[in-house]
Amino acid sequence: MASIAFSSFVSQSDCTGMASAWSSHKAKEGSFTRKNVIVCRRHDQVVRRVATRPPAITIPLPEKERATTKSPERSHVAWTSIRHPRWEGELTVEGEIPLWLNGIYLRNGPGLWHIDDYNFRHLFDGYAMMVKLQFENGRLVAGHRQIESEAYKAAMKNRRLCYREFSEVPKPGNFLSYVGELASLFSGASLTDNSNTGVVGLGDGRVVCLTETQKGSIMINPVTLETIGKFEYSDSLGGLIHSAHPIVTDSEFLTLLPDLINPGYLVVRMEPGSNERKVIGRVNCRGGPAPGWVHSFPVTENYIIVPEMPLRYCAQNLLRAEPTPLYKFQWHPESKAYLHVMCKTSGKIVTSVEVPLFVTFHFINAYEERDEDGRVVAVIADCCEHNADTTILDKLRLQNLRSYSGSHDVLPDARVGRFTIPLDGSPYGKLEAALDPDEHGRGMDMCSINPAVLGKKYRYAYACGARRPCNFPNTLTKIDLEKKIANNWHEEGAIPSEPYFVARPGATKEDDGVVISMISQKNGEGYALLLDASTFEEIARAKFPYGLPYGLHGCWVPKNHNKP
(Lines of atoms letter the chains of each structure in order from A; the text may use other names.)
(Lines give C-alpha, C1' and ligand atoms only; values in the text may rest on other atoms or scores of the structure.)
Protein backbone atom coordinates (compact mmCIF):
# COMPACT_ATOMS: atom_id res chain seq x y z
CA MET A 1 0.00 0.00 0.00
CA ALA A 2 1.29 3.43 -0.88
CA SER A 3 2.73 5.68 1.79
CA ILE A 4 0.84 8.73 3.00
CA ALA A 5 1.87 12.17 1.74
CA PHE A 6 1.14 15.26 3.85
CA SER A 7 0.74 18.79 2.49
CA SER A 8 3.68 21.03 3.20
CA PHE A 9 1.66 23.59 5.15
CA VAL A 10 0.87 21.06 7.87
CA SER A 11 3.54 21.30 10.56
CA GLN A 12 3.94 19.46 13.85
CA SER A 13 2.98 22.60 15.74
CA ASP A 14 -0.34 22.75 13.91
CA CYS A 15 -1.43 19.39 15.26
CA THR A 16 -3.60 19.15 18.33
CA GLY A 17 -3.58 15.40 18.74
CA MET A 18 -3.11 12.05 17.16
CA ALA A 19 -5.67 9.25 17.04
CA SER A 20 -4.59 5.68 17.63
CA ALA A 21 -3.95 3.42 14.65
CA TRP A 22 -6.76 1.30 13.38
CA SER A 23 -6.05 -2.39 13.12
CA SER A 24 -5.36 -3.95 9.73
CA HIS A 25 -8.40 -5.46 8.12
CA LYS A 26 -7.92 -8.66 6.13
CA ALA A 27 -10.33 -9.65 3.40
CA LYS A 28 -9.98 -12.58 1.08
CA GLU A 29 -9.53 -10.25 -1.88
CA GLY A 30 -6.61 -8.40 -0.27
CA SER A 31 -5.40 -6.39 2.71
CA PHE A 32 -6.22 -2.82 3.49
CA THR A 33 -4.19 -1.01 6.16
CA ARG A 34 -5.75 1.93 7.94
CA LYS A 35 -3.07 4.47 8.88
CA ASN A 36 -2.54 6.79 11.84
CA VAL A 37 -4.62 9.91 11.74
CA ILE A 38 -3.19 13.34 12.46
CA VAL A 39 -5.89 15.83 13.31
CA CYS A 40 -5.00 19.43 12.51
CA ARG A 41 -7.08 22.53 13.03
CA ARG A 42 -6.87 25.46 10.63
CA HIS A 43 -9.44 28.22 10.24
CA ASP A 44 -11.96 26.29 12.37
CA GLN A 45 -11.75 23.26 10.09
CA VAL A 46 -10.66 19.74 10.95
CA VAL A 47 -8.46 18.31 8.23
CA ARG A 48 -7.57 14.66 8.50
CA ARG A 49 -4.70 14.18 6.09
CA VAL A 50 -5.22 10.50 5.44
CA ALA A 51 -6.11 8.66 2.28
CA THR A 52 -5.03 5.45 0.64
CA ARG A 53 -4.39 5.07 -3.05
CA PRO A 54 -6.46 2.61 -5.04
CA PRO A 55 -5.05 -0.84 -5.85
CA ALA A 56 -3.38 -1.42 -9.17
CA ILE A 57 -6.27 -3.50 -10.51
CA THR A 58 -7.90 -1.71 -13.44
CA ILE A 59 -10.79 -2.32 -15.77
CA PRO A 60 -9.98 -0.80 -19.18
CA LEU A 61 -12.73 1.23 -20.78
CA PRO A 62 -14.07 0.08 -24.14
CA GLU A 63 -13.03 2.09 -27.16
CA LYS A 64 -16.48 3.67 -27.48
CA GLU A 65 -16.51 4.81 -23.87
CA ARG A 66 -12.92 6.04 -24.07
CA ALA A 67 -13.86 8.09 -27.09
CA THR A 68 -16.55 9.91 -25.12
CA THR A 69 -14.27 10.55 -22.13
CA LYS A 70 -11.39 12.26 -23.94
CA SER A 71 -13.03 15.66 -23.95
CA PRO A 72 -14.32 17.04 -20.63
CA GLU A 73 -16.97 18.92 -22.61
CA ARG A 74 -18.44 15.64 -23.87
CA SER A 75 -18.27 13.42 -20.85
CA HIS A 76 -18.59 13.17 -17.10
CA VAL A 77 -17.21 10.71 -14.59
CA ALA A 78 -20.79 10.15 -13.41
CA TRP A 79 -21.47 8.18 -16.59
CA THR A 80 -18.15 6.32 -16.77
CA SER A 81 -17.54 2.75 -15.56
CA ILE A 82 -15.61 2.43 -12.32
CA ARG A 83 -11.87 1.92 -12.90
CA HIS A 84 -11.38 -0.58 -10.06
CA PRO A 85 -13.67 -3.43 -8.93
CA ARG A 86 -13.04 -2.70 -5.25
CA TRP A 87 -11.25 -0.30 -2.95
CA GLU A 88 -11.23 0.74 0.70
CA GLY A 89 -9.41 3.45 2.61
CA GLU A 90 -9.75 6.26 5.11
CA LEU A 91 -10.51 9.63 3.58
CA THR A 92 -9.19 13.10 4.23
CA VAL A 93 -12.00 15.12 5.84
CA GLU A 94 -12.31 18.86 5.31
CA GLY A 95 -14.67 20.32 7.83
CA GLU A 96 -15.99 18.40 10.79
CA ILE A 97 -18.12 15.27 10.91
CA PRO A 98 -20.56 15.33 13.86
CA LEU A 99 -19.38 12.93 16.56
CA TRP A 100 -22.90 11.53 16.89
CA LEU A 101 -22.82 10.26 13.29
CA ASN A 102 -21.79 6.65 13.85
CA GLY A 103 -22.81 4.04 11.32
CA ILE A 104 -22.56 3.17 7.66
CA TYR A 105 -24.19 4.89 4.73
CA LEU A 106 -24.57 2.44 1.86
CA ARG A 107 -25.31 3.49 -1.71
CA ASN A 108 -26.21 1.10 -4.50
CA GLY A 109 -26.13 1.78 -8.22
CA PRO A 110 -24.70 0.79 -11.58
CA GLY A 111 -20.90 0.82 -11.59
CA LEU A 112 -19.86 -1.05 -14.73
CA TRP A 113 -21.44 -0.23 -18.10
CA HIS A 114 -19.38 -2.37 -20.43
CA ILE A 115 -17.97 -5.83 -21.08
CA ASP A 116 -14.70 -5.54 -22.96
CA ASP A 117 -15.58 -3.48 -26.07
CA TYR A 118 -19.34 -3.90 -25.72
CA ASN A 119 -20.84 -0.72 -24.28
CA PHE A 120 -24.21 -0.81 -22.51
CA ARG A 121 -26.97 1.55 -23.61
CA HIS A 122 -28.88 2.69 -20.55
CA LEU A 123 -28.12 4.08 -17.10
CA PHE A 124 -30.14 1.24 -15.52
CA ASP A 125 -28.16 -1.53 -17.29
CA GLY A 126 -24.90 -1.28 -15.36
CA TYR A 127 -23.67 -4.01 -13.03
CA ALA A 128 -24.29 -3.11 -9.40
CA MET A 129 -21.62 -1.49 -7.28
CA MET A 130 -22.02 -0.87 -3.56
CA VAL A 131 -20.33 2.15 -1.98
CA LYS A 132 -19.98 2.65 1.76
CA LEU A 133 -19.22 5.65 3.93
CA GLN A 134 -18.38 4.34 7.39
CA PHE A 135 -18.53 7.05 10.05
CA GLU A 136 -17.05 6.60 13.51
CA ASN A 137 -16.03 9.26 16.04
CA GLY A 138 -15.58 11.94 13.40
CA ARG A 139 -13.61 9.75 11.02
CA LEU A 140 -14.60 8.36 7.65
CA VAL A 141 -13.62 5.13 5.90
CA ALA A 142 -14.96 4.70 2.38
CA GLY A 143 -15.03 1.74 0.06
CA HIS A 144 -16.71 0.29 -2.98
CA ARG A 145 -17.16 -3.19 -4.40
CA GLN A 146 -19.02 -4.85 -7.23
CA ILE A 147 -22.01 -6.96 -6.13
CA GLU A 148 -21.37 -10.53 -7.26
CA SER A 149 -24.73 -11.37 -8.81
CA GLU A 150 -25.04 -14.35 -11.13
CA ALA A 151 -25.41 -11.89 -14.01
CA TYR A 152 -22.16 -10.13 -13.11
CA LYS A 153 -20.20 -13.33 -12.51
CA ALA A 154 -21.42 -14.87 -15.77
CA ALA A 155 -20.50 -11.74 -17.71
CA MET A 156 -17.00 -11.65 -16.22
CA LYS A 157 -16.46 -15.36 -16.89
CA ASN A 158 -17.86 -15.48 -20.44
CA ARG A 159 -16.94 -11.89 -21.44
CA ARG A 160 -20.42 -11.28 -22.77
CA LEU A 161 -23.93 -10.42 -21.62
CA CYS A 162 -25.68 -13.55 -20.29
CA TYR A 163 -28.91 -12.20 -18.73
CA ARG A 164 -31.57 -9.67 -19.75
CA GLU A 165 -30.86 -6.29 -18.22
CA PHE A 166 -33.06 -3.18 -18.38
CA SER A 167 -32.43 -2.55 -22.08
CA GLU A 168 -29.82 -5.18 -22.92
CA VAL A 169 -30.61 -8.66 -24.29
CA PRO A 170 -28.08 -11.49 -24.80
CA LYS A 171 -27.38 -12.05 -28.47
CA PRO A 172 -28.47 -15.59 -29.50
CA GLY A 173 -26.05 -17.60 -31.59
CA ASN A 174 -28.77 -19.11 -33.77
CA PHE A 175 -32.54 -19.57 -34.04
CA LEU A 176 -32.64 -22.51 -31.62
CA SER A 177 -30.78 -20.58 -28.96
CA TYR A 178 -33.19 -17.67 -29.53
CA VAL A 179 -36.18 -19.98 -28.93
CA GLY A 180 -34.48 -21.33 -25.82
CA GLU A 181 -33.83 -17.83 -24.56
CA LEU A 182 -37.51 -16.92 -24.98
CA ALA A 183 -38.51 -20.01 -23.03
CA SER A 184 -36.12 -19.07 -20.23
CA LEU A 185 -37.59 -15.55 -20.24
CA PHE A 186 -41.09 -16.86 -19.47
CA SER A 187 -39.69 -18.98 -16.64
CA GLY A 188 -37.67 -16.05 -15.33
CA ALA A 189 -34.37 -17.89 -15.78
CA SER A 190 -32.98 -15.32 -18.23
CA LEU A 191 -34.06 -12.27 -16.21
CA THR A 192 -31.20 -10.52 -14.47
CA ASP A 193 -30.44 -10.68 -10.78
CA ASN A 194 -28.28 -7.57 -11.15
CA SER A 195 -29.39 -5.82 -7.96
CA ASN A 196 -28.31 -2.32 -8.93
CA THR A 197 -31.23 -0.21 -7.69
CA GLY A 198 -31.67 -0.04 -3.94
CA VAL A 199 -30.37 -1.34 -0.63
CA VAL A 200 -32.35 -1.76 2.60
CA GLY A 201 -31.51 -2.68 6.17
CA LEU A 202 -34.08 -5.12 7.50
CA GLY A 203 -35.34 -4.97 11.07
CA ASP A 204 -33.26 -8.03 11.99
CA GLY A 205 -29.99 -6.45 10.80
CA ARG A 206 -29.68 -8.16 7.42
CA VAL A 207 -28.82 -5.87 4.50
CA VAL A 208 -30.41 -6.66 1.13
CA CYS A 209 -29.73 -5.15 -2.29
CA LEU A 210 -32.70 -4.98 -4.64
CA THR A 211 -33.81 -4.50 -8.19
CA GLU A 212 -37.21 -5.10 -9.81
CA THR A 213 -36.71 -8.83 -10.41
CA GLN A 214 -37.47 -10.89 -7.33
CA LYS A 215 -34.41 -13.06 -7.99
CA GLY A 216 -32.30 -9.90 -7.75
CA SER A 217 -32.51 -9.77 -3.94
CA ILE A 218 -28.95 -10.22 -2.68
CA MET A 219 -27.53 -9.97 0.84
CA ILE A 220 -24.27 -8.18 1.53
CA ASN A 221 -22.05 -7.55 4.53
CA PRO A 222 -22.32 -3.78 5.17
CA VAL A 223 -18.80 -3.51 6.60
CA THR A 224 -16.79 -5.48 4.03
CA LEU A 225 -19.35 -5.09 1.20
CA GLU A 226 -18.85 -8.78 0.48
CA THR A 227 -21.69 -10.53 -1.33
CA ILE A 228 -23.17 -13.07 1.09
CA GLY A 229 -25.65 -14.68 -1.29
CA LYS A 230 -29.25 -14.71 -2.48
CA PHE A 231 -32.06 -13.54 -0.26
CA GLU A 232 -34.41 -16.46 -0.91
CA TYR A 233 -38.12 -15.90 -0.25
CA SER A 234 -39.52 -18.97 1.50
CA ASP A 235 -43.15 -18.47 0.43
CA SER A 236 -44.90 -19.80 -2.66
CA LEU A 237 -46.23 -16.49 -3.99
CA GLY A 238 -44.26 -16.82 -7.21
CA GLY A 239 -44.10 -14.01 -9.73
CA LEU A 240 -41.07 -12.55 -11.44
CA ILE A 241 -41.03 -8.90 -10.38
CA HIS A 242 -41.75 -6.69 -7.39
CA SER A 243 -41.44 -3.05 -6.40
CA ALA A 244 -37.80 -1.99 -6.31
CA HIS A 245 -38.62 0.17 -3.28
CA PRO A 246 -40.30 -1.75 -0.46
CA ILE A 247 -41.38 0.08 2.67
CA VAL A 248 -38.99 -1.12 5.38
CA THR A 249 -39.17 -0.33 9.09
CA ASP A 250 -37.87 -2.06 12.20
CA SER A 251 -41.16 -3.96 12.44
CA GLU A 252 -42.09 -4.88 8.87
CA PHE A 253 -41.30 -5.10 5.16
CA LEU A 254 -44.10 -4.17 2.75
CA THR A 255 -44.01 -4.53 -1.01
CA LEU A 256 -46.13 -4.94 -4.14
CA LEU A 257 -46.07 -7.90 -6.53
CA PRO A 258 -47.51 -7.01 -9.96
CA ASP A 259 -49.61 -9.77 -11.53
CA LEU A 260 -48.93 -9.73 -15.28
CA ILE A 261 -51.38 -12.55 -16.11
CA ASN A 262 -54.49 -11.34 -14.28
CA PRO A 263 -53.66 -7.62 -14.14
CA GLY A 264 -53.39 -6.43 -10.59
CA TYR A 265 -51.13 -6.27 -7.56
CA LEU A 266 -50.59 -8.41 -4.47
CA VAL A 267 -49.81 -6.38 -1.36
CA VAL A 268 -47.56 -8.41 0.95
CA ARG A 269 -45.85 -8.12 4.32
CA MET A 270 -42.77 -9.83 5.77
CA GLU A 271 -41.86 -9.89 9.46
CA PRO A 272 -38.30 -9.23 10.74
CA GLY A 273 -36.24 -12.41 10.82
CA SER A 274 -38.50 -14.09 8.29
CA ASN A 275 -38.14 -14.75 4.57
CA GLU A 276 -41.85 -15.48 4.16
CA ARG A 277 -44.11 -12.88 2.59
CA LYS A 278 -47.77 -13.01 3.55
CA VAL A 279 -50.56 -11.51 1.49
CA ILE A 280 -52.41 -8.55 2.99
CA GLY A 281 -54.74 -8.09 0.03
CA ARG A 282 -55.06 -7.75 -3.72
CA VAL A 283 -55.87 -4.85 -6.03
CA ASN A 284 -57.35 -5.53 -9.45
CA CYS A 285 -56.41 -3.08 -12.19
CA ARG A 286 -59.18 -0.77 -13.32
CA GLY A 287 -57.87 -0.31 -16.85
CA GLY A 288 -55.31 -1.32 -19.42
CA PRO A 289 -53.92 -4.65 -20.64
CA ALA A 290 -51.38 -4.96 -17.79
CA PRO A 291 -50.59 -3.45 -14.39
CA GLY A 292 -48.87 -0.09 -14.31
CA TRP A 293 -45.23 0.15 -13.36
CA VAL A 294 -44.80 0.21 -9.57
CA HIS A 295 -41.19 1.22 -8.98
CA SER A 296 -42.29 2.62 -5.61
CA PHE A 297 -45.43 3.25 -3.57
CA PRO A 298 -46.35 5.16 -0.38
CA VAL A 299 -48.00 4.24 2.91
CA THR A 300 -49.74 6.11 5.71
CA GLU A 301 -50.20 5.02 9.32
CA ASN A 302 -53.26 2.94 8.41
CA TYR A 303 -53.23 2.55 4.63
CA ILE A 304 -51.18 1.30 1.72
CA ILE A 305 -51.56 3.30 -1.49
CA VAL A 306 -51.26 1.26 -4.69
CA PRO A 307 -50.60 3.42 -7.78
CA GLU A 308 -51.95 2.28 -11.16
CA MET A 309 -49.95 4.32 -13.64
CA PRO A 310 -50.83 4.34 -17.37
CA LEU A 311 -47.15 3.50 -18.06
CA ARG A 312 -47.85 -0.23 -18.06
CA TYR A 313 -45.76 -3.38 -18.31
CA CYS A 314 -45.67 -4.72 -21.86
CA ALA A 315 -44.86 -8.36 -22.63
CA GLN A 316 -44.32 -7.62 -26.33
CA ASN A 317 -41.65 -5.03 -25.52
CA LEU A 318 -40.03 -7.38 -23.04
CA LEU A 319 -39.69 -10.00 -25.80
CA ARG A 320 -37.99 -7.64 -28.23
CA ALA A 321 -34.29 -8.06 -28.88
CA GLU A 322 -33.89 -4.28 -29.30
CA PRO A 323 -35.37 -1.74 -26.89
CA THR A 324 -38.26 0.56 -27.74
CA PRO A 325 -38.25 4.17 -26.42
CA LEU A 326 -40.29 2.93 -23.46
CA TYR A 327 -38.28 -0.28 -22.99
CA LYS A 328 -40.40 -2.92 -21.20
CA PHE A 329 -43.33 -0.53 -20.81
CA GLN A 330 -46.03 1.01 -22.96
CA TRP A 331 -47.98 4.24 -22.50
CA HIS A 332 -51.76 3.71 -22.34
CA PRO A 333 -53.36 7.11 -21.66
CA GLU A 334 -56.74 5.71 -22.70
CA SER A 335 -56.59 3.30 -19.76
CA LYS A 336 -56.50 6.28 -17.35
CA ALA A 337 -54.70 6.46 -14.02
CA TYR A 338 -55.84 5.36 -10.58
CA LEU A 339 -54.81 5.29 -6.95
CA HIS A 340 -56.09 2.50 -4.71
CA VAL A 341 -56.16 2.79 -0.91
CA MET A 342 -55.97 -0.47 1.07
CA CYS A 343 -56.40 -0.93 4.82
CA LYS A 344 -53.16 -2.32 6.29
CA THR A 345 -54.86 -4.60 8.78
CA SER A 346 -57.86 -5.97 6.87
CA GLY A 347 -56.53 -5.86 3.32
CA LYS A 348 -59.82 -4.31 2.18
CA ILE A 349 -59.83 -1.59 -0.46
CA VAL A 350 -61.09 1.60 1.15
CA THR A 351 -61.37 3.52 -2.10
CA SER A 352 -60.15 3.60 -5.69
CA VAL A 353 -60.09 6.95 -7.44
CA GLU A 354 -59.26 8.12 -10.93
CA VAL A 355 -56.53 10.75 -11.00
CA PRO A 356 -54.94 12.81 -13.79
CA LEU A 357 -52.36 10.97 -15.88
CA PHE A 358 -48.96 10.85 -14.19
CA VAL A 359 -45.44 9.45 -14.49
CA THR A 360 -43.32 8.89 -11.41
CA PHE A 361 -40.42 6.74 -10.35
CA HIS A 362 -40.44 7.74 -6.71
CA PHE A 363 -43.10 8.52 -4.14
CA ILE A 364 -41.90 10.79 -1.34
CA ASN A 365 -44.38 10.22 1.49
CA ALA A 366 -48.09 10.06 2.30
CA TYR A 367 -50.30 10.89 5.26
CA GLU A 368 -53.91 10.98 6.42
CA GLU A 369 -55.80 14.26 6.49
CA ARG A 370 -58.30 14.52 9.33
CA ASP A 371 -61.17 16.85 10.12
CA GLU A 372 -61.59 18.69 13.39
CA ASP A 373 -63.27 15.61 14.89
CA GLY A 374 -60.29 13.41 14.07
CA ARG A 375 -61.94 11.49 11.23
CA VAL A 376 -59.82 10.66 8.19
CA VAL A 377 -61.32 12.54 5.25
CA ALA A 378 -58.55 12.17 2.67
CA VAL A 379 -55.16 10.68 1.96
CA ILE A 380 -52.37 12.94 0.70
CA ALA A 381 -49.60 11.31 -1.34
CA ASP A 382 -46.57 13.17 -2.70
CA CYS A 383 -44.24 12.04 -5.47
CA CYS A 384 -41.56 13.25 -7.87
CA GLU A 385 -43.85 13.63 -10.88
CA HIS A 386 -42.69 14.13 -14.46
CA ASN A 387 -45.80 15.90 -15.80
CA ALA A 388 -47.00 12.67 -17.44
CA ASP A 389 -43.99 12.88 -19.77
CA THR A 390 -42.62 9.42 -20.57
CA THR A 391 -39.56 10.75 -22.42
CA ILE A 392 -37.64 10.83 -19.13
CA LEU A 393 -36.91 7.11 -19.59
CA ASP A 394 -35.18 7.54 -22.92
CA LYS A 395 -33.31 10.64 -21.75
CA LEU A 396 -31.38 8.29 -19.46
CA ARG A 397 -29.61 6.52 -22.32
CA LEU A 398 -25.89 6.65 -21.65
CA GLN A 399 -25.25 8.15 -25.08
CA ASN A 400 -27.49 11.09 -24.17
CA LEU A 401 -25.87 11.55 -20.78
CA ARG A 402 -22.29 11.30 -22.07
CA SER A 403 -22.67 13.54 -25.09
CA TYR A 404 -24.25 16.51 -23.34
CA SER A 405 -22.39 19.75 -24.08
CA GLY A 406 -24.03 21.90 -21.41
CA SER A 407 -25.25 24.46 -23.91
CA HIS A 408 -28.93 23.55 -24.05
CA ASP A 409 -31.65 22.38 -21.72
CA VAL A 410 -32.92 18.84 -22.31
CA LEU A 411 -34.06 17.63 -18.87
CA PRO A 412 -37.86 17.12 -18.88
CA ASP A 413 -39.72 19.16 -16.29
CA ALA A 414 -40.70 17.60 -12.97
CA ARG A 415 -42.49 18.73 -9.82
CA VAL A 416 -43.54 17.63 -6.37
CA GLY A 417 -46.83 16.11 -7.42
CA ARG A 418 -49.41 16.07 -4.64
CA PHE A 419 -52.32 13.64 -4.90
CA THR A 420 -55.43 14.26 -2.83
CA ILE A 421 -57.51 11.08 -2.46
CA PRO A 422 -60.94 11.79 -0.91
CA LEU A 423 -62.47 9.13 1.33
CA ASP A 424 -66.05 10.36 0.94
CA GLY A 425 -66.90 7.99 -1.91
CA SER A 426 -65.93 10.39 -4.68
CA PRO A 427 -64.57 8.56 -7.76
CA TYR A 428 -62.01 11.26 -8.54
CA GLY A 429 -58.84 12.51 -6.90
CA LYS A 430 -56.68 15.56 -7.56
CA LEU A 431 -53.06 16.02 -8.67
CA GLU A 432 -51.37 19.39 -8.35
CA ALA A 433 -47.93 20.81 -7.60
CA ALA A 434 -47.21 21.01 -3.86
CA LEU A 435 -45.08 24.12 -4.49
CA ASP A 436 -43.97 26.21 -7.45
CA PRO A 437 -41.65 23.93 -9.52
CA ASP A 438 -39.44 26.93 -10.30
CA GLU A 439 -38.35 26.81 -6.65
CA HIS A 440 -36.29 23.70 -7.48
CA GLY A 441 -35.54 24.39 -11.14
CA ARG A 442 -38.41 22.23 -12.43
CA GLY A 443 -36.32 19.16 -11.66
CA MET A 444 -37.26 16.69 -8.94
CA ASP A 445 -36.23 13.11 -8.17
CA MET A 446 -34.21 10.83 -5.86
CA CYS A 447 -35.90 11.80 -2.61
CA SER A 448 -35.61 11.04 1.10
CA ILE A 449 -37.33 12.12 4.32
CA ASN A 450 -36.79 11.76 8.05
CA PRO A 451 -37.86 8.13 8.70
CA ALA A 452 -39.66 9.30 11.85
CA VAL A 453 -42.33 10.97 9.69
CA LEU A 454 -42.92 8.02 7.35
CA GLY A 455 -46.68 7.82 6.74
CA LYS A 456 -47.30 10.96 8.80
CA LYS A 457 -47.87 14.61 8.04
CA TYR A 458 -44.45 16.06 7.32
CA ARG A 459 -42.78 19.29 6.36
CA TYR A 460 -39.40 18.54 4.76
CA ALA A 461 -38.13 16.42 1.90
CA TYR A 462 -34.68 16.16 0.36
CA ALA A 463 -34.23 15.49 -3.35
CA CYS A 464 -32.27 16.33 -6.48
CA GLY A 465 -33.45 19.40 -8.34
CA ALA A 466 -32.07 21.32 -11.31
CA ARG A 467 -30.11 24.42 -12.22
CA ARG A 468 -30.77 24.84 -15.91
CA PRO A 469 -29.65 24.36 -18.60
CA CYS A 470 -28.94 20.72 -17.79
CA ASN A 471 -29.64 17.18 -18.94
CA PHE A 472 -29.84 15.61 -15.48
CA PRO A 473 -30.75 16.77 -11.94
CA ASN A 474 -27.70 18.66 -10.70
CA THR A 475 -28.64 20.22 -7.36
CA LEU A 476 -29.36 18.99 -3.87
CA THR A 477 -32.67 20.44 -2.76
CA LYS A 478 -34.40 20.81 0.57
CA ILE A 479 -38.16 21.19 0.13
CA ASP A 480 -40.18 23.02 2.78
CA LEU A 481 -43.78 21.98 2.15
CA GLU A 482 -45.12 24.31 4.83
CA LYS A 483 -43.53 27.52 3.52
CA LYS A 484 -43.58 26.14 -0.06
CA ILE A 485 -39.98 27.06 -0.73
CA ALA A 486 -36.81 25.19 -1.64
CA ASN A 487 -33.18 25.60 -0.59
CA ASN A 488 -30.77 24.44 -3.29
CA TRP A 489 -27.10 23.37 -3.09
CA HIS A 490 -25.23 23.55 -6.38
CA GLU A 491 -21.65 23.25 -7.58
CA GLU A 492 -20.78 23.98 -11.19
CA GLY A 493 -20.37 20.79 -13.22
CA ALA A 494 -21.20 18.48 -10.30
CA ILE A 495 -23.68 15.60 -10.40
CA PRO A 496 -24.88 14.76 -6.87
CA SER A 497 -26.43 11.45 -5.94
CA GLU A 498 -29.58 11.04 -3.84
CA PRO A 499 -29.47 13.21 -0.69
CA TYR A 500 -30.02 10.88 2.26
CA PHE A 501 -31.25 12.21 5.60
CA VAL A 502 -29.87 10.83 8.89
CA ALA A 503 -31.47 12.14 12.08
CA ARG A 504 -29.43 13.19 15.08
CA PRO A 505 -30.08 10.78 17.99
CA GLY A 506 -32.60 12.32 20.34
CA ALA A 507 -33.67 14.98 17.87
CA THR A 508 -37.12 16.49 18.29
CA LYS A 509 -37.15 18.68 15.17
CA GLU A 510 -37.91 17.06 11.83
CA ASP A 511 -34.84 18.51 10.11
CA ASP A 512 -32.33 18.01 12.95
CA GLY A 513 -29.67 15.85 11.34
CA VAL A 514 -27.39 15.64 8.33
CA VAL A 515 -27.86 15.01 4.63
CA ILE A 516 -25.33 12.71 2.93
CA SER A 517 -24.61 12.71 -0.78
CA MET A 518 -21.82 11.59 -3.09
CA ILE A 519 -20.68 14.06 -5.71
CA SER A 520 -19.26 13.26 -9.15
CA GLN A 521 -17.30 16.21 -10.54
CA LYS A 522 -16.84 17.35 -14.11
CA ASN A 523 -13.04 17.18 -13.76
CA GLY A 524 -13.22 13.43 -13.12
CA GLU A 525 -12.89 13.64 -9.35
CA GLY A 526 -15.48 13.17 -6.61
CA TYR A 527 -16.16 13.45 -2.91
CA ALA A 528 -18.56 12.61 -0.10
CA LEU A 529 -20.58 15.58 1.11
CA LEU A 530 -22.29 16.31 4.43
CA LEU A 531 -24.85 19.10 4.72
CA ASP A 532 -26.51 20.34 7.88
CA ALA A 533 -30.10 19.28 7.23
CA SER A 534 -31.49 22.33 9.04
CA THR A 535 -29.44 25.12 7.41
CA PHE A 536 -28.57 23.09 4.29
CA GLU A 537 -25.02 24.39 4.52
CA GLU A 538 -21.93 22.26 3.99
CA ILE A 539 -20.28 20.97 7.15
CA ALA A 540 -17.80 18.45 5.72
CA ARG A 541 -16.51 16.87 2.56
CA ALA A 542 -14.05 14.06 1.91
CA LYS A 543 -12.37 13.53 -1.43
CA PHE A 544 -12.37 10.09 -3.04
CA PRO A 545 -9.12 8.83 -4.62
CA TYR A 546 -10.95 8.96 -7.96
CA GLY A 547 -14.40 9.95 -9.13
CA LEU A 548 -17.22 7.45 -8.74
CA PRO A 549 -20.03 6.86 -11.23
CA TYR A 550 -23.52 8.07 -10.46
CA GLY A 551 -25.39 5.95 -7.92
CA LEU A 552 -29.06 5.43 -7.24
CA HIS A 553 -30.41 4.70 -3.75
CA GLY A 554 -29.01 4.20 -0.28
CA CYS A 555 -29.75 3.31 3.33
CA TRP A 556 -28.32 3.98 6.77
CA VAL A 557 -27.06 1.13 8.95
CA PRO A 558 -26.62 2.32 12.56
CA LYS A 559 -23.42 1.28 14.30
CA ASN A 560 -25.16 -1.23 16.56
CA HIS A 561 -26.55 -3.01 13.46
CA ASN A 562 -23.19 -3.40 11.71
CA LYS A 563 -22.31 -7.03 11.16
CA PRO A 564 -18.59 -7.90 11.24
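Every residue, even glycine, has its Cβ placed from backbone N, Cα and C.
Caution: TrEMBL annotation is automatic and unverified by curators.
Sequence annotations record features per position, and here TrEMBL assigns Fe cation binding site to H245, H295, H362, H553. Within 10 Å of the Cβ of H245 (Fe cation binding site) there are 22 other Cβ atoms, across all protein chains.
In sequence order, T197, G198, S243, A244, S296, F361, F363, L552 are the same-chain residues whose CB sits within 8 A of the CB centroid of H245, H295, H362, H553, the residues recorded for Fe cation being left out.
Cβ-based neighbour count (10 Å, all protein chains) for H295 (Fe cation binding site) stands at 18.
If you draw a 10 Å sphere around the CB of H553 (Fe cation binding site), it holds 25 other CB atoms from the protein chains shown.
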